[in-house]
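Participant: To start, I am sharing the structure in question, which I have written as structure tokens.
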């Protein structure tokens, strides 16, 4: 007798072992038809999996996130099947699920073209319509390796030969195609109805640039066509908002090969940067932080003491001078500890909050670099709080409040919060971790925030809160962190004199709100599609004269506004006014101030707001008041 407990708590009993598919059928024909897999005691399995013991089971359908993963994984195999049918000489390698889709890497003697992708996708649709059953068999490692060697699939054979000999190997087959995979997969190809191939890119075998270059075909797959259409629309919108494209269009920044992963900021881009930095400086100053500046290059001995030299050296830029080894800092924390240590600290000095817009460098792989989003040289809005155990909850509450307020000011309303908990390998006692984790929970609760817990995802030196902001396209970006550190103060000898005159280690909180300034500016540009809020815009207004006779008034008006703190310029070029309006509209300037003879004579201005909204003619003072109203909450 086999007892199966279902998600609703009910128990079904069977006189003999049953498959997941048979359990689904016993519940109802609709569920049997919809079943894509099962979750057996928490493990994702195929519908053909036999259950021969008492267990809990959830039937997985396309309404579940796991069901969508199964569909995408199976579609990757369908892609490989189609490629092998159309291009038999192509060799298959790996094909995993990724965010919003999948990819498969192939070795082939020529590049795949867009026309090839159309043929492959058409063949995939034909194979899916055949509704061929997907079967699984378990074989020994040697048998699997021998099979793939015999059909000329050397990459698959190499993967298998790297697996321990005692491990069982799962092979999945549909039609004339067999692939190596852990599974699970859909019961038949007919379940794969909504998919699209997206692009081809280069990739290296096993991710090693010393190995052969492969071709990676990316695709997306969904349960409903509406979901796919929505995703494709989002991609189109994301392409329009691409910060690299807008950076060029709006003349904000550029990057070039002579300095990979470093940014050349243009005047308008640097004006935007300054608005963000000055705003953040005001906020941390108001929150009781002390701004400091630490060296960019420090001796190897400090990095050895902190542990970075041993654990992070391959990501650090190093140099040598007068027979001493140095590293350009990849992070600011060791330098902040040095400032804390400079002089004897008392419990009366705590909490101490040190902030720095610290310039850091990390030797990221060239292939991973991506505009402002992944760079080698970056500035962090970094801060470290040194406090007592009794103070860290209050400090965490204050930081949560500050971070949420900052994100709202920048236009981000939806923040997902994740709490990473203790890993298996960790420093400190269970009691210390209990206090640390519960303290962060209490701080989040006190702020009325909800969060997702990630067991085992914390750093070895302490638990961490992550703040993921959602942009206008629904994409999630991790920006902020609050990391409790139980190790670095001890490694670097930070201590304070407690009330009983004993020496104690401070609790150290690493914290950032925007994280990398470069990356955050990239996110901001895409979130606002380049149309920055008035308080952030590089130029808040441009004064445009219609003819030469108004040039002096236009220039005087710009100077008057400038003295009142408005970021403004005058465009006095001898061009048609329609041309100038169009040009500055494309530059997404919030306000265009047009002056003709009437405006000059009346000392007024014709105001056009972004989006072509005509606000009419008004006195200069009225425009300034309107602008100040826009800015009031950020002063």
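Glycine too: its Cβ is placed from the backbone N, Cα and C atoms.
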Participant: Swiss-Prot has 333, 510 down as binding Zn(2+); which of 266, 384, 468, 584 does it also list for that site?
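Facilitator: Looking through 266, 384, 468, 584, the residue Swiss-Prot assigns to the Zn(2+) site is 384.
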Participant: Around the Zn(2+) site (333, 384, 510), what further same-chain residues have their C-beta within 8 angstroms of the site's C-beta centre?
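Facilitator: Residues close to the Zn(2+) site, other than 333, 384, 510: 331, 332, 336, 337, 382, 383, 483, 485, 488, 508, 509, 511.
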Participant: Please report the number of other Cβ atoms within 10 Å of the Cβ of residue 333 (Zn(2+) binding site).
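Facilitator: So the Cβ neighbour count for residue 333 (Zn(2+) binding site) comes to 22.
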Participant: Look at each of the binding-site residues, 384, 510, and point out the one with the fewest other Cβ atoms around it within 10 Å.
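Facilitator: Across 384, 510, these binding-site residues, the one with fewest Cβ atoms within 10 Å is 510.
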Participant: Sort the residues of the domain 'TGS' (1-61) into helix, strand and coil with DSSP and give the three counts.
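Facilitator: Computed counts for the domain 'TGS' (1-61) are 14 helix, 25 strand, 22 coil.
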